[in-house]
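Worksheet for the structure shown next.
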Amino acid sequence: MKTKSIFLLSFLLLMHCASKEEEIYTPIPYNLEIPTLFANKLIAPIIPTNNPLTEEGVALGKKLFFDKTLSGDNSQSCATCHNPKKAFTDETRFSDGIDGNFGTRNSMPLFNLAWNFDEKFTWNGKEFSLEKQAFEPVSNPIEMHSNWKKVAEKLQGDATYPDLFLRAFGTSTIDSVLVTKAIAQFERTLISANSKFDKFLLGKATLTPEEENGFNVFMDEAKGDCFHCHGSNNNPLWTDNKFHNNGLDATFTDLGLGEVTGDPNDNGKFKSPSIRNLKFTAPYMHDGRFTTLDEVINHYSEGLQRSSTIDPLMKRINEGGVNLSTKDKADLKAFLLSLSDEEFVNNASINK
Amino acid sequence: MKKYCILLIVILMTFNNCKEIDCCVNPPFINLKFTHNWDGVPLTNLDFNKLKFTTENGEKVSIERLRYLISNINLTGFKNYILVNVGENSGTEISILDVKDGIYDLTFRFGLSNEENIDGKYQFLNSVNFDVPTMLGGGYHFMQFDGKYINDNNQKTGFNYHTIRAVDKTDPADLKFEDTSFEINLGKVLIKGNTEIEVKVNIAEWFKNPNLWNLNELDTNLMGNFEAQKMMSANGKSVFSLGEVQ
């Protein structure tokens, strides 16, 4: 009788605890602060219904983003190649993985990702959704070179993670799906919208004559014609998030989008990156071949290479490009640098 | 008494059933479907990137990007716009609800009228990079049609057939505009219940009627070309026609 009573009491206690957990650990919706320019000019960001932003989920995602436990030998985190001080990329042409191996593409900067309306991520668009993208680096043998089972076990054995997952997702059982969901939540909070040019558009800053002329070169179809791929004052993302062959090579060693679609017409096409924060994101292009902005501008001005898939927006290929004057090049660079967001790279709330 | 009760229940159930059926019948809708062709040969995004079309002037061309703006479809009864993106196969079919049976003049506008072509106003168009630089008066593209052609030197080269509101920028401080959007009237259509209306879009017309288009002379930098914009607008008027209505 006594045993039965103890059993019954324990059962009731457990039931009580379980219901209390559910009661206590209801995540708080995260208030994504949408910058004024984005709210005025753009459609709403993409937040998946099966992974809404919560205070607990974002905080957990941030902790995971900076945690080296995700790598095979506990030596690298996401932030190793996506350094907040570098607008969430790094300064090397190719990042080295935990075994000292190098990839073939430059680490992409991370910001304003919730406004990638097509949700095709990485240089060749192979990952559909931020959640799916986050699966890749952990198991990639030349990046973090771990496996998700091992990562989940390590996190499960940690003193704090089970409780943080319980708070974020209502379960303390950790798996790769929840880890990537949390990281994706954090990544959606990385918003850059406080550059000098943003302030100019809001009437809070003045451009120099050089920056102003540089913006005109950028927007002039007969000069830079950059806006067709890289946005404008009405598209503060400064990218179309589409894939273009911008005339880097006559033949391709990296097929880019073509590798994903299998369509030869997509060979040599890569995502047009945002031109925000170029001050922090050198080297440039999908393979980091250009170390300076001057080299980038020279490429579009005189360095275009003809190929079968080169974008029709690339003009005067026989002359190597649009042949900007020295002054227009310098002014274009000044404008591009006016899109640098110092507040973003120094924002403590998204840093470790 | 029992018989009356059963009868009453049957009547109530019948009425109740009728009500349920009424509530769940789908309202009639119109499906407006844009199909594309090159002088009658059907064209989809699967035909992109291939030098398989020939302009009236004799240039072989490929299409790599084709998206255009349609506004003020009269059947919808409110101010509206859609972006037809042939390359991404989006916007090519539109469902319009709540149109009563009857005979209608089917009209819509290519592009945006001057009054509605307001810089930065449309969030969707901003988001997909469809706007026009302020130095050309702002507002939006009406069409982005990019591809390649074989030029007179037998070289494959790009073209950007972009249509916007025509702007005369002889004096950059005093831009002069001409509205090059235009209304298209496809004639009378009979709407009876669910109806599918095909709008045929003949891309070849952009290059031939009334202005024979020579890509060797006009292939890129057309946005700021006042005369070219007026010519493109004139050519666009024969692009759209009514297809099958069923």
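Note that Cβ sites are derived from N, Cα and C of the backbone, with glycine treated the same way.
Heads up, TrEMBL stuff is auto-annotated, nobody curated it.
Sequence-distant neighbours of A:CYS81 (heme c 1 binding site) (same chain, 6+ residues apart, CB-CB distance under 8 A): A:THR89, A:ASP90, A:SER95, A:SER107, A:PRO137, A:GLU143. If you look up TrEMBL, you'll see A:CYS78, A:CYS81, A:HIS82 marked as heme c 1 binding site.
DSSP gives A:HIS230 (heme c 2 binding site) a helix state. For A:CYS226, A:CYS229, A:HIS230, the entry in TrEMBL reads heme c 2 binding site.
Residues or ranges marked as domain 'Cytochrome c' by TrEMBL: A:209-340.
Per TrEMBL, signal peptide is recorded for A:1-20.
Of the listed binding-site residues A:CYS78, A:CYS226, A:CYS229, the Cβ environment within 10 Å is emptiest of other Cβ atoms at A:CYS229. Those same-chain residues not listed among A:CYS226, A:CYS229, A:HIS230 yet with C-beta within 8 angstroms of the centroid of the heme c 2 site C-beta atoms are A:PHE218, A:GLY224, A:ASP225, A:PHE227, A:HIS228, A:GLY231, A:TRP238, A:THR239, A:ASP240, A:SER272, A:ILE275. Taking only the Cα positions, the spacing between A:HIS230 (heme c 2 binding site) and A:HIS82 (heme c 1 binding site) is 22 angstrom. Non-local neighbourhood of A:HIS82 (heme c 1 binding site): A:PHE65, A:PHE88, A:THR89, A:ASP90, A:SER107, A:PRO109, A:LEU110, each in the same chain, at least six residues away, with C-beta under 8 Å from its C-beta.
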